[in-house]
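*Asks:* One structure follows; several queries about it will come next.
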Amino acid sequence: MAGGGAAPPPKQEELQPHQVKDQLPSVSYCITSPPPWPEAVILGFQHYIVMLGTSVIIPSALVPQMGGGNEEKARVIQTLLFVAGINTLCQSFFGTRLPAVMGGSYTIVAPTISIILAGRYSNEADPHEKFLRTMRGTQGALIIASTIQIILGFSGLWRNVVRLLSPLSAVPLISLAGFGLYELGFPGVAKCVEIGLPEIILLLVFSQYLPHVIHVAKPVFDRFAVIFTIAIVWLYAYILTASGAYKNARPKTQVHCRVDRSGIISGAPWIRVPFPFQWGAPTFDAGESFAMMMASFVALVESTGTFIAVSRYASATMIPPSVLGRGIGWQGIGTLIGAFFGTANGTAVSVENAGLLALTHVGSRRVVQISAGFMIFFSILGKFGAIFASIPLPIFAALYCIFFAYIVSKLSMPLFAGACGLSFLQFCNLNSFRTKFIVGFSFFMGLSVPQYFNEYTSVAGYGPVHTGARWFNDMINVPFASKPFVAGLIAYFLDNTIQRRDNGVRRDRGYHWWDKFRSFKTDTRSEEFYSLPFNLNKFFPSV
């Protein structure tokens, strides 16, 4: 061999971790940069389609128990959509200013069912009269319950709570806002697996594979995957229905699989504008109001996590506590508006629409405002809106399997609603035993405690706390049945009590990364993303 000595071994490449990002990269249109109008309109319609799931599922579960038929169910869905449009516009203009869709809240369902089962309504023989009475009772409880969100939000109390939030304690709260809704995913798909499963597969193919196989000038398949796949599977479901595939199926199978069994189209009027107190004057009960206030507080905590996820997917900076408090206050106003109109439900940030922001890589505020226009428009034109609202629910459950996952995993490479929460671990020291314990324990308890409460309820017919006062039972059972609430509460408490004053721990929990966002004025980007329109900051300054 020619030459002196042997050649030195190749230099080992130095491994570098992914860089920490205050704002999520790879977002095509951030909160302040709207897409072209034609594209924005289509994306807004897509957000409208996605939020229909919750808007249909909640009234479909509650209205029959209240004594209402298809006509009442259609009117409640219309009202819920109308109020959601108003609240989404209010939130995007005067609240957090994030592209957050404000829809119904599953947390409010449990105390609403307690009102339905109240003894003073059980003796009502006329189903329609029972519906009206229970609706008025729900309205009264929601009117009172909205005050807790309004007071905590606008008084600055919630702002002070959020200032103690670190990336470490935010991870379980945000993650379980998505993962905590897993029972709405594949269990819903399995109710009509021949429709739900193709939707999951097609959505994965269109959003994750086709963009890398078929190269086009602009992203089409992933950005409009929801519209493409719903159209295909809906047509497929219609063909199955028309061909008589479910002619001899069980009634439950027909309800979930057929495209003509929801009863929404037949019950919806052609044109109708919802108006306040359309069901009559609200009635009030102190116990029911206390129970609903606790549920309203739980919804507030859950929405806090989803607001943070939305800010991430909109490629904005961490939302300042004062802005978040402002958004919670407007969420309370939204709950109050819903109570006035009679939606039989509260208001919360739509987790599935937060996941859609991640799927499309479009976090534009204008897109969500356009979607609010679709909500109001189709709620007034009842028959046309009912056509879209009659999409089989297993299709929506298939969407949830994708969107709820995005909120959980928000790592440097996010995976949707659940994915968003895990991404905040990039700010934390994952080699710290303290970090591992707080994350692991809060996740485990956030899943285990609600599992116990929900299993107990499904077997016994009532929660573990079972006294003669139903309202007191709900005040305890409802919060501990909420996965994000339990996980967030435990993580928040542990993170702020275990070795909190240690300087090394402060860095381990990622607290220093959010220092510049704890005040509205310490980061110039906050004004760009979160300042109020029409120079309203002069009259309502953020701190």
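The backbone N, Cα and C atoms fix where each Cβ goes, and this holds for glycine too.
No curator has checked TrEMBL annotations; they are predicted automatically.
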*Asks:* Which stretch does TrEMBL mark as transmembrane segment, out of 140-158, 292-310?
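*Replies:* That would be 140-158, the stretch labelled transmembrane segment in TrEMBL.
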*Asks:* When only pairs 6 or more apart in sequence are counted, do the transmembrane segment (367-391) and the transmembrane segment (476-494) reach 3 or more Cβ pairs under 8 Å?
*Replies:* no
*Asks:* Out of 76-94, 164-184, 220-240, 437-453, 476-494, which stretch has the largest tally of CB pairs under 8 angstroms to the transmembrane segment (196-214)?
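*Replies:* Comparing 76-94, 164-184, 220-240, 437-453, 476-494 against the transmembrane segment (196-214), the winner is 220-240.
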*Asks:* Give me the stretch from 45-64, 140-158, 164-184 with the greatest number of Cβ pairs under 8 Å to the transmembrane segment (220-240).
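*Replies:* If we count Cβ pairs closer than 8 Å to the transmembrane segment (220-240), 45-64 scores highest.
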